[in-house]
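Read through the structure below, which is laid out as structure tokens, and then see the notes.
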């Protein structure tokens, strides 16, 4: 008999992203973070100051997630209310060497990162004599190492404190169920600490479901998904060449395999924000390029394993965010907690069917409206009507 085909064990994702995803823009001082924030959000913070820690408190803005399906549904239903999916972006103060021990605005910086679900890490690859580099010169591999080390050192400190508290509780001894759970938790936290002390980021290990529960409680910095944004000069971005790109890729392959790298020119994106939509289209056509802003937002959602479903009608078209693999009752719970508890069924229309056939009546006449129960796993682009019972008072 042929050998059994091995089923690859699917990695259980860390974190608990809700309908409103929060992502922080981080990096060393003066690498282009605040200018990128302005470009992403089309907000103006004033000219970012040319010195470290210009952004002392995290600035925050919500960005609409670009999605052609949502646009088509709004055009189709012409609803009174339109609610797209959002990405909340934070511009966080620049990190510096020694941040983990409180240098510069280190402690504030690290606490602000702890509050987000994911990280856009900006890495400087452009030379500009007028913009001071906090480390004296442009060396992206050194910068990557500084940030990786600082985040890991802070995680080690946090896990050690947590472990100390657990050991005090388990030292009391006993055979109760609560004590057994406490000891299991201590063993998991010890394995997290060993992993960090070995110089590895928490997100890079395949943790079990029980371990993921504990890791999520710790809110660790190195557990968060990262997308590396390589900030090039406009010239280098247009020709997609820079002497540092191969070195950056080699560093990420070795230290953070699987993480996404997106080359971007923050100065180019900033220039586009001063143009009308027509002018942007014309400029990008002339230069044979395009803005990368939409790609950043969409890639981050994919990186976190997030998908969308829609609720539609003439009153409202709304796009909801859930994690891939979410079942119908839990998706209903994103709309309202009571809907999960009292879930009866989900009436599903596939977006592709509605668009192809033109209206709900045609979809129904062809038998393509589906009635699904509590075991149905939601698919990206589902248009859904949830049916639920009355909540108990």
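Each Cβ is built from the backbone N, Cα and C atoms, and glycine gets one as well.
Annotated features in TrEMBL:
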- 21-284: domain 'OBG-type G' (DOMAIN)
- 30, 31, 32, 33, 34, 35, 232: ATP binding site (BINDING)
- 305-388: domain 'TGS' (DOMAIN)
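Known features from TrEMBL, placed on the structure.
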residue : record           : Cβ within 10 Å
30      : ATP binding site : 22
31      : ATP binding site : 28
32      : ATP binding site : 27
33      : ATP binding site : 30
34      : ATP binding site : 24
35      : ATP binding site : 20
232     : ATP binding site : 26
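DSSP places the residues of the domain 'TGS' (305-388) in helix, strand and coil in these numbers: 26 helix, 34 strand, 24 coil. Binding-site extent for ATP: residues 30, 31, 32, 33, 34, 35, 232, maximum pairwise Cα distance 15 Å (rounded to the nearest whole number).
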